[in-house]
Amino acid sequence: MSRFLIVEARFYSHLNDMLIAGAKGVLEAEGHDVDVITVPGALEIPAAIALATEAERYDGYVAIGVVIRGETYHFEIVAGESARGIMALTMDGIAIGNGILTVENEEQAIVRADPSQKDKGGEAAKAALALLDLQDKFAAAE
Ligand SMILES: Nc1c(NC[C@H](O)[C@H](O)[C@H](O)CO)[nH]c(=O)[nH]c1=O
Ligand SMILES: CC(=O)[C@@H](O)COP(=O)(O)O
């Protein structure tokens, strides 16, 4: 049993509820413990994970959020920088699955958030599990 922290940017509640259901469904089905914390937006997710790692309470993380394009360049910043921050943390050896949707409209988001459709929340949980498995394999080989 491993301990996972879902860090969600609750910008669109109904979409996050589906993404979290998908992520929790995967993790809890394999008997893992799951906590959830909430930050204002996707840009705060990497920092929240970095802060959580200092507590050394969790084995893996799932980032959950939805970024929907608006009228300005801000979409590129929020989408790109949240992904870059998460990638930097994974390159530091932290097992994180990225379940932040970056989409053009709500219709695209619903299809990807819905666990019975594209289930991107569940996919992100599976990615975190895969990285944790790799950590365990390499640690065992030492
Ligand atoms: N427009 C969206 C945001 N914007 C907020 C930023 O993520 C951040 O919280 C703010 O710039 C303060 O630092 N966040 C999302 O998660 N989704 C969006 O569509
Ligand atoms: C992704 C965003 O930051 C977006 O929701 C903000 O909308 P706008 O670009 O119209 O200010």
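Heads up, the Cβ atoms here are built off N, Cα and C, so glycines get one too.
If you look up TrEMBL, you'll see His74 marked as active site, proton donor. The 5-amino-6-(D-ribitylamino)uracil binding site annotation in TrEMBL covers Phe11, Ala42, Leu43, Glu44, Val66, Val67, Ile68, Asn98. Marked as (2S)-2-hydroxy-3-oxobutyl phosphate binding site by TrEMBL: Glu71, Thr72, Arg112.
Positions of the features from TrEMBL, shown on the structure.
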{"residue": "Phe11", "record": "5-amino-6-(D-ribitylamino)uracil binding site", "Cβ within 10 Å": "17"}
{"residue": "Leu43", "record": "5-amino-6-(D-ribitylamino)uracil binding site", "Cβ within 10 Å": "18"}
{"residue": "Glu44", "record": "5-amino-6-(D-ribitylamino)uracil binding site", "Cβ within 10 Å": "16"}
{"residue": "Val66", "record": "5-amino-6-(D-ribitylamino)uracil binding site", "Cβ within 10 Å": "28"}
{"residue": "Val67", "record": "5-amino-6-(D-ribitylamino)uracil binding site", "Cβ within 10 Å": "25"}
{"residue": "Ile68", "record": "5-amino-6-(D-ribitylamino)uracil binding site", "Cβ within 10 Å": "18"}
{"residue": "Glu71", "record": "(2S)-2-hydroxy-3-oxobutyl phosphate binding site", "Cβ within 10 Å": "6"}
{"residue": "His74", "record": "active site, proton donor", "Cβ within 10 Å": "12"}
{"residue": "Asn98", "record": "5-amino-6-(D-ribitylamino)uracil binding site", "Cβ within 10 Å": "22"}
{"residue": "Arg112", "record": "(2S)-2-hydroxy-3-oxobutyl phosphate binding site", "Cβ within 10 Å": "22"}
Cβ neighbour count (10 Å, all chains) around Ala42 (5-amino-6-(D-ribitylamino)uracil binding site) is 27
Going by DSSP, give the three-state secondary structure for Ala42 (5-amino-6-(D-ribitylamino)uracil binding site). helix
Using C-alpha positions only, work out which of the recorded positions Glu71, Thr72, His74 is nearest to Ala42 (5-amino-6-(D-ribitylamino)uracil binding site). His74
Tell me which of the binding-site residues Glu71, Thr72, Arg112 ends up closest to Asn98 (5-amino-6-(D-ribitylamino)uracil binding site) in space, Cα to Cα. Arg112
Based on the record's binding annotation for (2S)-2-hydroxy-3-oxobutyl phosphate (Glu71, Thr72, Arg112), what whole-number value in Å is the widest Cα to Cα distance? 23
When you measure from the Cβ of Thr72 ((2S)-2-hydroxy-3-oxobutyl phosphate binding site), how many other Cβ atoms are you left with inside 10 Å? 8
Could you check which of the recorded positions Thr72, His74, Arg112 is the closest Cα neighbour of Val66 (5-amino-6-(D-ribitylamino)uracil binding site)? Arg112
Ligand 2: which of the recorded positions Val67, Glu71, Thr72, His74, Asn98, Arg112 have a Cβ closer than 6 angstroms to it? Val67, Glu71, Thr72, His74
Compare the C-alpha of Leu43 (5-amino-6-(D-ribitylamino)uracil binding site) with the C-alpha of each of the recorded positions Glu71, Thr72, His74, Arg112, and give the closest one. His74
So if I take the binding-site residues (Ala42, Ile68, Thr72, Asn98) and measure from each Cβ to the nearest atom of ligand 1, which come out below 6 Å? Ala42, Ile68
Cα-Cα distance linking Ile68 (5-amino-6-(D-ribitylamino)uracil binding site) and the residue listed as 'active site, proton donor', given in Å to the nearest integer: 10
